Amino acid sequence: MSQWNQVQQLEIKFLEQVDQFYDDNFPMEIRHLLAQWIENQDWEAASNNETMATILLQNLLIQLDEQLGRVSKEKNLLLIHNLKRIRKVLQGKFHGNPMHVAVVISNCLREERRILAAANMPVQGPLEKSLQSSSVSERQRNVEHKVAAIKNSVQMTEQDTKYLEDLQDEFDYRYKTIQTMDQSDKNSAMMNQEVLTLQEMLNSLDFKRKEALSKMTQIIHETDLLMNNMLIEELQDWKRRQQIACIGGPLHNGLDQLQNCFTLLAESLFQLRRQLEKLEEQSTKMTYEGDPIPVQRTHMLERCYQWHPAFCERQPCMPTHPQRPLVLKTLIQFTVKLRLLIKLPELNYQVKVKASIDNNRRFVLCGTNVKAMSIEESSNGSLSVEFRHLQPKEMKSSAGGKGNEGCHMVTEELHSITFETQICLYGLTIDLETSSLPVVMISNVSQLPNAWASIIWYNVSTNDSQNLVFFNNPPPATLSQLLEVMSWQFSSYVGRGLNSDQLNMLAEKLTVQSSYSDGHLTWAKFCKEHLPGKSFTFWTWLEAILDLIKKHILPLWIDGYVMGFVSKEKERLLLKDKMPGTFLLRFSESHLGGITFTWVDHSENGEVRFHSVEPYNKGRLSALPFADILRDYKVIMAENVPENPLKYLYPDIPKDKAFGRHYSSQPCEVSRPTERGGKGYVPSVFIPISTIRSDSMEPHSPSDLLPMSPSVYAVLRENLSPTTIETAMKSPYSAE
């Protein structure tokens with residue numbers, strides 16, 4: 001089943017997450033119509049290869065043209081219109097930057113895999129549960145209710161302002177009427193009554209002005225409380241969810257709801273501002289001793305300008321490493337996106353943002369670091385700005401000579417990208433400042449794993465978004481939370497998270513315990529101290545496994561056929577009662593980035609025997625796909641011809657049923673040199689082969705895996721006995 005078909009079968013809460021990352025950059029219509037073709041392309045590789053990305057973009061447009069031709073025959077006018085529009089947008093947007101479309105599509109496919117992995121993991125960890133607190137939902141409802149109440153109050157003051165305008169117009173009319181009366185009429189009783197009426201009207205006008213200003217003051221006060229308490233708390237919660245999402249956790253949402261609340265409040269304040277301007281006009285036309293408008297207006301206008309800074313909607317990330325945000329390499333471009341939570345048309349292009357890094361001036365940002373926010377920068381109409389071409393550069397040493405650039409940087413040293421935001425509106429200039437989450441700078445890609453470990457530890461351990469001295473004394477992390485994050489690394493990076501059995505094995509690896517429900521783990525234990533009896537740390541071991549899966553066994557891992565994290569003791573316990581030829585796949589605990597398989601069989605006297613091959617690393621798997629190795633693997637037993645001992649993937653899945661669709665080709669038949677023309681070469685295929693000494697009571701230790709083509713072995717069989725072949729395999733030269 002294709003990935004897209006699996007996505008469409010998700011529950012509605014997961015489908016809502018999918019809907020969030022499809023926009024005009026990559027419309028969902030294209031994902032749906034070209035699902036299989038899209039999934040068959042290597043978009044991640046294209047995101048780092050301009051030539052490949054150009055070809056894929058051209059092919060994407062060709063595929064769209066073919067779909068247009070098909071729907072044209074069906075006379076589907078709406079779909080025809082949409083496809084033409086989408087094709088025009090894609091060609092215009094990505095023609096000059098084809099790698100960007102590869103980044104966008106690879107990100108979407110990866111997020112789909114992450115959501116599928118989350119949907120298939122029934123157990124929520126403590127971090128994910130903490131993000132779904134019922135009290136948070138209750139607070140959101142309270143905020144929305146208060147925002148609606150404020151908006152309604154502003155509408156009421158609008159009516160008050162209109163009433164004041166009508167009352168003043170009537171007063172002006174009556175006053176001017178008296179002014180035009182003859183002198184004799186001014187001394188009449190009717191004149192005296194009219195003066196009393198005007199005085200009453202003036203008293204009423206004064207009362208209504210004070211009442212309107214009092215209501216406005218109360219609205220401003222309530223808005224101030226809501227913005228600086230409940231809404232800021234909501235925003236902090238969203239930022240915490242963003243921290244978790246940066247390290248592979250569940251997608252964060254709710255930002256549009258927050259923006260809607262802030263925008264409604266800003267619109268209410270702007271409406272109050274216009275009402276105050278109308279009151280000022282009324283006061284200019286008619287004022288009196290004790291008039292409250294001149295006294296209160298200026299202070300109230302100042303309070304109507306309540307702004308919150310732009311913040312990082314998308315944290316700094318190198319497009320070459322989309323799954324490792326917040327790690328930046330010197331002289332490599334990164335992207336970052338800011339959004340202002342107030343969306344008003346009059347602010348378009350009136351908000352300027354300047355990006356910089358570090359206050360100690362150790363680094364500078366090269367590229368365009370000053371831009372204006374605009375609605376056009378966002379697909380949902382929010383006011384935002386995206387920096388796409390920033391490069392961090394390390395400053396030269398103040399002592400002269402060669403600079404520090406290229407030196408080994410400390411991957412626990414945190415830095416911050418700062419954004420100075422300037423808003424120009426109605427003659428006012430408002431300066432604000434915000435920062436990204438802490439980033440780690442590296443000078444070489446080899447530092448990336450340790451830098452990423454620092455990012456993980458920071459965002460697991462603290463809600464503080466700006467503690468740049470965190471690693472001076474890093475606090476311990478809760479083991480259950482850390483293991484949850486380890487599962488996220490697998491779901492986000494290689495499309496499938498870890499189950500409870502796999503997490504238990506990692507817990508034993510870290511703590512020599514069988515349970516991970518309680519306890520803490522130190523930073524040194526995670527990333528600094530070597531594992532017992534090993535020359536590497538826990539994180540180095542785990543990162544090597546992630547790299548192995550990503551580059552060499554990804555389809556097998558996604559299908560769930562790699563048990564991976566299982567101890568040798570547990571492995572034997574699982575296999576001992578299974579049919580001969582049952583095997584499982586696990587990651588090596590002694591070799592970095594190694595994977596091995598173990599199968600079970602029985603001796604002639606019924607004894608259960610277990611056989612494990614030497615772990616395959618990336619060097620071997622680069623030469624021969626792992627699925628093909630499992631298909632073609634042979635062992636030579638004494639007095640026997642080679643045979644494949646692998647029959648059933650644990651617990652009882654026929655091998656070919658599990659891995660058949662991942663074989664790169666069908667096994668080659670043995671051919672005689674004279675059967676084919678051409679240059680007379682014998683067709684060959686590399687196969688892994690091992691020997692097992694059946695007469696030894698010692699634990700079985702397999703030999704090196706040796707490549708041998710079927711044709712070569714056929715010639716050996718015709719000229720040599722099986723015993724001679726075995727003797728040759730035992731020769732000291734066989735290890736060379």
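Cβ atoms are placed via backbone N, Cα and C, with glycine included.
Because the structure is a prediction, the values reported are computed rather than measured.
Checked against TrEMBL, the range among 178-205, 262-289, 570-597 recorded as coiled coil is 262-289.
Sequence-distant contacts of the coiled coil (262-289), counting only residues of its own chain at least 6 positions beyond either end whose CB sits under 8 Å from a CB of the stretch, comprise 147, 150-151, 154, 157-158, 161, 164-165, 168, 171-172, 202, 206, 209, 212-213, 216, 219-220, 223, 226-227, 231, 297, 300-301, 304-306, 308, 341-344.
Under DSSP, the residues of the domain 'SH2' (557-635) split into helix, strand and coil as follows: 23 helix, 23 strand, 33 coil.
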